Amino acid sequence: MCREGGCGACVVTLSNNDPVTGNKQCRAVNSCLLPLLSCHGSEITTVEGIGNKKDGYHPVQSQLADMNGSQCGYCSPGMVMSMYSLLQKNSGAGVTMKEIESSLGGNICRCTGYRPIMDAFKTFAKDAPQELKSRCVDVEDLGNAICPKTGSACQGHCESNGLAKVVDGEIFKMGNWYRPESLEQLMALLSSFGREVKYRLVAGNTGTGVYKDDGPYDVYVDINKIGDLYQVSKESPLIIGGGINLTVMQETLSSIGSTNPDYWYAVTLAEHIEKIGSVPVRNAGSIAGNLMMKHGHREFPSDLFIVLETVGAKITIISCKREIQQLTLEQFLETDMNGQIILHVTLPPLSTDHIIKTFKIMPRSCNAHAYINAGFCAKISRQENIRIVGKPTIIFGGIRTSLVHAIETENFLADKFLDDEMTFQNALKMLDQELCPEEHLLNPDSDYLKTVAQGLFYKFVLTIIGDKAAPEFRSGALNLERKMMSGKQDYDTDSKEWPVNQPTIKVEARAQCSGEAKYIDDIPVCSDELFGVFVLSTVANCYIDQIDASDALKIDGVVAFLEAKSIKTDNLFVFAQGAFDSQNNEEVFCSGKVLYAGQSLGLIVASSQSIAARAAKLVRITYKDHQKPVLTIKEAMKNPERTMIHAAFGPPNVFDAGDVQGGFSSSETVIEGEFEIGTQYHFYMETLVAVCVPVEDGMNIYCSTQDQDAVQNAVARCLKLHKAQVNVETRRLGGSYGGKISRSTLVATACAIAAYELSKPVRISLDLDSNMALVGGRLPYYCQYKAGTDKDGVIQAVDMKIVSDCGGNFNEGTAFFAASFAKNCYAAKSWKFTPFLAKTDTPSNTYCRAPGTTQGIAIIENLIEHLAKIRQEDPLEFRLKNLNTSGNEEANSMRKIIDEVRRSSEFDKRLGEIKEFNSNNRWKKRGINLLPMVYPVESFPFRYNVLVAIHHEGGSVAVSHGGIECGQGINTKVTQVVARELGIDISLISVKPTNTLTNTNGSVTGGSVTSEMNCYAAMKACQDLKNRMLPIKEKLPDASWSELVEQCFNSNIDLTARHYYTSDDKVRGYIIHGATVSEVEVDVLTGEKLLRRVDILEDAGQSLSPLIDIGQIEGAFVMGVGLWTSEKITYDPHTGQKLSRGTWNYKPPVNSDIPMDFRITMLKNAAHPNGILRSKATGEPPLCMSVSVLFALRSAVDAARSDAGNPGWYRMDGPATIDKLHKMMLTNSAQYLFQ
């Protein structure tokens, strides 16, 4: 999906023989980085190869499915293969829970929040608690998979695969791919190339995930069979071959560190190497490959380079002339490596009077490149004073390209007494002069880099001086410690209602975990199918001057280039005044004015995806009349044409209540402030995909969309067809979160235009980079606010200007929704909220899970925090004082939920412990927050068809509903409702793909209510069927279901029923209440954070499906954690190009970013009469409560600022990334003291 080894969706098991021992080894690798020819002689096992419905599922597959670890399912095969690979690698030795958590660090899941995945896999751990072990299958079932060739257990070897090959001498060769099997062959091969041939040595090929534009290369040389590059000598000195992968290096260092006293420090290096990439990346990436990446790209913050240089390791290289040199790492950087290879690295023995510390500071907890990394080593003499013997080692990465050693600081500290504070302060000043960080748009600013670099040096010194530092400073030497994740889920279930309200696994979960679940791009390719790749603009706010596709059209296999001026169809996919508050038309292909960088300018169509992608890069575009792009709301607000009041869903004064100005006049405390919230990419794992097939009556469209009606409408208009001639079908989505509403229509319409123009089936499947460039995300927000309280702290007046950034047009604004939710659960004598839309030169932003509601609640909660701070009141007590307690039952429910979560989470006890912790620790701070939420759910004017058809032979039931399964469990909930209503087993029910025939005139899937409304329609359809069948039932009271159905069929009773849900069904709205307690810890010296514990209590009514709803709560909350802590989008200020594309530069949470202790409770005895089958929605409200994490961080930052002497109010926008947190804590080197 990402083509970077960053998401884990493509993980497979690679099995081959060790080039030295010949023993079979198994490991997880990213198939997107694995060259096919490098697999020659190896075995690749995919998720389909370990189990399926026909032959039986592997325990890893069934365990993940049965413990609710699969929602949309797109990440599930990668998760399964990561775990399977770990079990195969450790076969016989068993695995630990820590190993399992580490093995999943490279697998992204946007749906589940990770907890059920880790719980499912931890059942296989030898140190799992009994409660988890009791849920595990028999360990004996974890044996080798069945070989499809022999029908018996895999023996670990196969016959030759018969791959055709060409041999030059003794070297395997295919095309420009060579595989020498000895060092001599390799040297001879390199000699034969000379300097004119550009070659690439390939070990793991992981570097292509970082530097995609390296090359092109004339020749590729696979070095995986050269045994000399895989030698390890564990004696002194320790020698490790350059071809060895980072996992083996890590394991070697861990082992030797506990057995060879000369290498006591090796464990420290191993711990740092574990922070490089992910397990599949480390399983493939080699020592030499990592170092050569640093050699070719000096800016690359190589962690391996840092740890090796810290201990003074040497590199041995050999030239094609057989000349051998041993170099320092700095000498290696200056050496011409053409015709030379890294043979091995040598680590020196070090005495135990050395102190070694290495650090990696990154934007999230793992699987991320370093913002800054560092290594320190010093030989220490401990007598009355602590003296550095000789010169220490002080090195940094990520500061600037030319900096390795802080040479002047090293020289200054030679033979100095390190526990002398004046000496340390002088060293800090010298280091300050040496660092001189380079600025880069995607990195934190130079102030952060410099202060953190000094802070890491301070950490090192604190480690050395130990108890000579004051007690409150000692925690600075320690890193944040993440313990094993644990979770608790609490809910009630009524067996009398089963299968509704029964904890049930998703009906398609096992298919998803075995790779049998099919997504749009799994549709088999037709024999004459073509592939489309967009040509995207690279500049915003300009006009097209010329598009020249001549070079692209010369490539064999390129069929056409389609652009606005060449197509014979219409060119719009969004229509002004259309659905979803569309204010402006949107073009499929830009016809002149380029609104944003990433806009679609045209489409290359070719015979293969790879040819189309290569050709698209050759299309040359020139621009004219380029103006500086407007990229922020504040910039847009300077131009009246770029803003408008958002009144699409009601008059602009709908939020005015009471006399605001009078309220301010009577207030004792009045505050004013600003609050900004950044955008968030949806990060659905399945990118936008469409397959369009011309048929005799029009066009068949298979696309990953939440809104089939919009696709049908846009394609029909563009192609000038009747809507009935456009057939849209979707089985499931690999995640969506609102990002596949209007934007999927763009891709489907472009695809349909190509299919129509060329009269051939066409497929468009975006890669992650293109998807992120083309598509916007959650709308950014800016709020100006003013509020006042009386002398008792009771809110008198609130005035807010709420502005949402729609991107390159005014479509899909959400400011009205934000204003609707901006009261949350609070009361005031007067309110005034004015919602605005802003237009910037960025990709069109879209609805994203809990659109507007998330920001509305965050805005009022920020205001509450501001008032409480200015009044010096406890934030929770201030909230309670201002709760809306108007006397009705709904209002009083909020207080009950707050009291309950306050009690169950031991909030008051923990608050006291946190205050004590903070008073005793200058460099670690903790914070806690309790945040309430009121989430009104209206009766949306949506329309959904549900058709229920009973087959007369056997009584099985087919269901087609109007929603799209995108991980929320709609198929499962509908199945449970149908089973309950008809009184049959779930196994008899089959849910069919959604299409525009059975769901004609259907609505979008979204708003957290689609599942409920389709369940309601399914219930009505079933009731209709039961009424038809009742006369036969009365005649045959003892008949089985199948007998009853057969008799009804024979009596000519129509066994198909349909219900069309509309607002005429008069399903009433309701209110969801919830409360969250979040506890965090931050490292004041680095800005790193740890989410220690989260308790969520939510009123879900009587859940239709408790396991599904628990998963929705966890997944939504963790998505919100990303919004508020790590997911940041950066644009080039000159071109407007989105720079945060792909997994290298955009960081959603991974499994080690979720709460260490994650407790979810659905309110008990909470069946709601207005909810469908007494249930309530769960998909979006928890995301609104995730801002609790931001305010817990504020609590921790408050403590740090108090220590820094500035306890007043400060602005804290989202996301609170580590560099922002660090800056807000006012950390600077003048505070780095011993006493």
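Glycine residues also receive a Cβ, built from the backbone N, Cα and C atoms like all the rest.
Neighbour list (Cys7 ([2Fe-2S] cluster 1 binding site), Cβ cut-off 8 Å, at least 6 residues apart, same chain): Met1, Cys75, Gly78, Gly106, Asn107, Ile108, Met685, Leu768, Thr1143. Among the features that TrEMBL reports, [2Fe-2S] cluster 1 binding site is placed at Cys2, Cys7, Cys10, Cys32.
Cβ neighbour count for Cys75 ([2Fe-2S] cluster 2 binding site): 29 (other Cβ atoms within 10 Å of its Cβ, all protein chains included). Feature annotation from TrEMBL assigns [2Fe-2S] cluster 2 binding site to Cys72, Cys75, Cys109, Cys111.
For 170-352, the entry in TrEMBL reads domain 'FAD-binding PCMH-type'.
The FAD binding site annotation in TrEMBL covers Ser286, Ile287, Ala288, Gly289, Asn290, Lys360. In this view, Ile287 (FAD binding site) is surrounded by 25 other Cβ atoms within 10 Å of its Cβ, with every protein chain counted.
Listed in sequence order, His682, Tyr737, Gly738, Arg778, Ala1116, Met1119, Gly1179, Glu1180, Leu1183 are the same-chain residues six or more apart from Arg849 (Mo-molybdopterin binding site) with CB atoms under 8 A from its CB. Taken from TrEMBL, the feature Mo-molybdopterin binding site covers Gln706, Arg849, Gly1007.
Per TrEMBL, active site, proton acceptor is recorded for Glu1180.
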For the domain 'FAD-binding PCMH-type' (170-352), mean pLDDT (0 to 100): 96
Euclidean distance between Cα atoms of Ser286 (FAD binding site) and Cys2 ([2Fe-2S] cluster 1 binding site), Å: 21
CB within-chain contacts under 8 A for Gly1007 (Mo-molybdopterin binding site), separation at least 6: Phe940, Phe942, Glu1180
Neighbouring C-beta atoms (10 Å sphere around the C-beta of Ser286 (FAD binding site)): 30
Neighbour tally for Ala288 (FAD binding site), based on other Cβ positions within 10 Å of its Cβ: 27
Shortest C-alpha distance to Gln706 (Mo-molybdopterin binding site) - which of the binding-site residues Cys72, Ser286, Asn290: Cys72
Cα-nearest neighbour of Ser286 (FAD binding site) within the listed binding-site residues, Cys10, Cys32, Cys109: Cys32
Spatial neighbour of Ala288 (FAD binding site) that is closest, considering only the binding-site residues Cys10, Cys32, Cys72, Cys109 and their CA atoms: Cys32
Long-range Cβ environment of Cys109 ([2Fe-2S] cluster 2 binding site), under 8 Å and at least 6 residues apart: Cys75, Met79, Ile117, Met685, Asn1151
Of Cys10, Cys32, Cys72, Cys111, i.e. the binding-site residues, those within 10 Å of Ile287 (FAD binding site) when Cα atoms are compared: none
